[in-house]
Amino acid sequence: MAALISENFKFAALFFKSKDVVIFNGLIALGTVASQTAYNIFAFECPCSSKRNYLYGVAAIGVPALVFFIIGVILNRNTWDLVSECRIRKFRKLSGAAAFALLGSIVGRAVVAPVTWTVISLLRGEAYVCALSEFVDPLSLENFPSTPRGLNVMARFPCKDVPVEMLRFWGEIERQLKYESQLLGWLIVALLSVMIFLLQCLKRCCSPLGYQQEAYWSSYRVIEHSLFQRTADAYAKFQAAKSVKNFFGFVALEKEENDLMSECQDAKNVIPSLEWNRITGVYLYRENRGTPLYSRLIKWSSYTTENNIEATEKEMGMLY
């Protein structure tokens with residue numbers, strides 16, 4: 001049973017990795033919706049106090065969105081490619097177009113969860129009602145009782161902690177604020193939809209590749225990353241086993257690991273840091289005499305195979 005579950009999990013992971021990033025973004029959005037719903041049901045509690053309502057409402061919308069954005073930036077591989085580019089090459093070969101495309105990719109993926117959280121918060125309206133209830137003008141409400149306490153009274157409406165004669169106005173106040181909140185949420189959705197459409201058009205117009213080649217490039221990057229990680233893990237295990245064996249005189253390996261060690265006999269003893277740096281960093285697209293180079297690893301392999309040291313030194317420092 002455990003093996004069956006493991007195989008099904010691996011299949012699901014492979015399925016989602018092989019699909020377009022839209023599926024992944026959709027899963028993030030659904031997870032964010034679930035989190036936002038759970039928060040509103042189990043944790044949201046308006047303080048119903050003047051000056052605190054606004055801070056709490058804004059924090060309930062903005063702080064989780066900010067946290068989701070930071071997490072999205074951290075989990076994006078392009079972020080660390082950019083950091084590596086800064087450390088290794090000091091952005092000497094990074095053009096403005098490449099920087100714009102890279103930052104757009106990082107921000108575009110990182111904002112999925114924050115935008116979803118913000119829009120769902122606005123469409124539900126609880127946080128907005130809590131934040132702005134104290135700013136509702138009592139004079140805008142017909143036959144509202146006059147009171148010297150002003151904001152303090154209006155701030156207690158979300159908790160219905162007001163005199164009985166005022167409680168009947170709560171429905172009208174809530175409808176007015178939810179109307180504003182939901183209108184703002186739909187405006188954000190409309191604006192983002194138009195922006196995404198225009199950016200996709202710009203991307204297609206500026207891309208040097210056709211649609212089919214773009215799809216191939218996307219699949220290649222996923223597969224190369226997966227194979228590279230698995231091979232790197234095996235290489236690390238091989239090197240660790242050699243070091244442990246040199247220290248103890250033997251190494252305790254399982255049968256599968258023994259088979260792996262026998263397959264790794266032709267592995268390099270040490271990969272110089274220069275070689276690691278050459279395959280690390282920002283990369284968009286480049287061709288070598290008409291041959292597509294879809295990654296830094298392909299570019300490294302192409303120029304290394306030609307055994308042209310001068311060309312290798314020159315090209316491996318370039319972005320595209």
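Quick reminder: no glycine exception, Cβ is built from N, Cα and C everywhere.
As annotated by TrEMBL, transmembrane segment applies to 21-42 (among others).
Panel annotation: around the transmembrane segment (54-75), residues 32, 35-36, 39, 44, 46-47, 106-107, 109-115, 117-118, 121-122, 127-132, 134-135 of the same chain, lying at least six beyond its termini, place a Cβ under 8 Å from a Cβ of the stretch. As annotated by TrEMBL, transmembrane segment applies to 54-75 (among others).
Outside the transmembrane segment (96-117), and at least 6 residues removed from its termini, the chain residues within Cβ reach (under 8 Å) are 21, 25, 28-29, 31-33, 35-36, 61, 64-66, 68-69, 71-73, 76, 78-79, 81-82, 188, 192, 199, 206, 282, 284, 319-320. If you look up TrEMBL, you'll see 96-117 (among others) marked as transmembrane segment.
Feature annotation from TrEMBL assigns transmembrane segment to 183-202 (among others). Residues 104, 108, 115, 118-123, 128 of the same chain lie 6+ residues outside the transmembrane segment (183-202) yet bring a C-beta within less than 8 angstroms of a C-beta in it.
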